[in-house]
Amino acid sequence: MEVATINFDRFNALKDEDAHARIRAARAKLGDKAVLLCHHYQRADVYQYADLTGDSLKLAKLASETSAEYIVFCGVHFMAEVADILSSDQQIAILPDLAAGCSMADMANLAKVERCWRELTEVLGNPDELITPVTYINSAADLKAFCGEHGGIVCTSTNAPTILDWSFKQREKVLFFPDQHLGRWTGYKQDIPLDEMLVWDPDQEYGGLTPEQIKKARILLWKGHCSVHQMFQESHIRRWRMQHPDGFVISHPESNLEVCKNSDYVGSTEYIIKTIKAGPDGSRWLVGTELNLVNRLAEEEKARGTIVEFMAPTVCMCSTMQRIDPQHLAWTLENLVAGKVVNRISVPPHEAEMAKVALERMLSVS
Ligand code: 13P
Ligand code: SF4
C-alpha cells in the first residue's frame with residue numbers, strides 16, 4: 001500500500017524539545033541510509049545533528065564522496081543542488097525547507113546573464129573567445145550550466161584565486177557573477193587595477209558601461225552582494241583596533257574591499273574556523289562573517305581564554321539558512337523513515353550535465 005506523506009502542519013507547532021526527540025529517533029532508524037551535511041552558518045540547534053560540516057567547497061566534495069542514499073542538506077538551495085549534481089543518480093538530495101535560498105544567488109538569473117552575454121557580443125564580438133564566465137558557487141544550477149557551456153567554471157571562497165588564474169589562462173577577460181566583492185578582492189590580490197574591474201549592473205543596458213569601458217575591463221563584476229556581509233564596515237575594524245591593538249581581524253571575502261584590506265586574514269568559513277582555532281591561547285579576534293558561526297566559535301574558544309567577537313553592531317544572520325529549524329528537520333527525517341521523500345532537490349538532466357562540467361573543471365584545478 002502507498003504510504004502517505006506526513007504533512008508539515010503536524011510539525012510546525014511542535015515544541016522544540018519534542019522536535020529534538022523525534023529527530024534523534026528518526027536519525028537512529030535511518031542509520032547509514034542518510035547523511036546530514038551542515039554548512040557552518042547553520043543554527044546551533046540543527047548543527048548539532050551534523051554528520052559532516054564544511055564550507056561550500058568541502059561540502060561539495062563530501063557530497064560527491066558519500067555513498068548514503070539520502071543527502072539531507074542543512075544549508076541553502078544552491079548547496080543542495082550541487083549535492084544533487086555531484087552525487088550519483090541513485091542518491092537523493094533533500095533540503096529540509098525549500099524556502100532556504102541565498103539572497104545573493106538570487107541577484108543573478110539566466111535571462112540577465114544571457115542578455116549580458118548578448119550585449120558583450122555586440123561590443124566585443126564573440127565573447128566565447130574573449131571572456132571566461134566564472135560563477136561563484138552561490139548561484140543557481142542553470143548559471144553553472146551556462147558556464148559549463150561557455151568554457152567557464154565555478155569558484156568558491158576557498159579557491160577563487162586559483163580559479164581566476166585558470167580563467168585568465170583561457171581568455172583575456174572574466175565575467176564574474178554574482179558576488180562583486182569576492183571578484184574584486186580576488187582580482188585586487190592579483191594586482192589587477194581597480195579601474196580594470198568594473199561593475200556590470202544587470203538592470204542597465206550594457207551593464208551601465210560605455211563600449212570603451214567594456215573593452216578596457218579585465219574583470220566585469222556582476223552587481224551582486226551578500227546581505228549579511230554587506231553589514232561589515234571598515235569603521236567597525238578601526239574602532240575595534242583602537243581598543244584592542246593586539247587583536248586579530250578575520251573576514252570572509254564576501255565583505256567589501258575595505259573590510260578585506262583592513263583584515264589580518266581573509267578566507268572561507270572553514271578557513272576562518274581553522275585559523276582562529278590555530279591562534280594563540282587567550283588571543284582576541286574580530287570576525288566578519290555570519291553570526292551563528294561566530295557565536296559557536298566564541299563559545300568553543302572560551303575554554304582556552306580566546307575571545308571571539310562579531311564585527312557588526314547589528315544582528316546579521318543568514319536568515320534564509322535559519323529557516324531550516326528542528327521542526328523541518330524532524331519532518332524530513334520522519335518522512336524518510338516512513339519511506340517518503342519530501343523536498344527533493346533534483347536538477348533537470350541537461351542543466352545538471354552542463355553544470356557538472358563547470359563544477360568538475362573547478363574540482364580538477366583546485
Ligand atoms: P563558504 O564557502 O566560505 O562557506 O561561504 C559560503 C557562503 O555562502 C558565505 O556567505
Ligand atoms: Fe547567501 Fe549570504 Fe546566506 Fe551566504 S550568508 S548563503 S551569501 S545570503
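The backbone N, Cα and C atoms fix where each Cβ goes, and this holds for glycine too.
Of the residues THR66, THR269, TrEMBL places THR269 in the same iminosuccinate site as HIS39, SER56, TYR136, ILE137, ASN138, SER157, HIS252, PRO253, GLU254.
Sequence-distant neighbours of HIS39 (iminosuccinate binding site): residues of the same chain at least 6 apart with a C-beta under 8 Å from its C-beta are THR53, GLY54, ASP55, SER56, LEU59, CYS74, GLY75, VAL76, MET79, THR269, MET321.
Put simply, ASN138 is the one of the binding-site residues ASN138, HIS252, GLU254 whose Cα lies nearest to the Cα of CYS102 ([4Fe-4S] cluster binding site). The most crowded of the binding-site residues listed here (CYS102, TYR136, CYS318) is TYR136, judged by how many other CB atoms sit within 10 Å of its own CB.
The separation of GLU254 (iminosuccinate binding site) from CYS318 ([4Fe-4S] cluster binding site), Cα to Cα, is 13 Å. Using a 10 Å Cβ-Cβ cutoff, ASN138 (iminosuccinate binding site) registers 29 neighbours.
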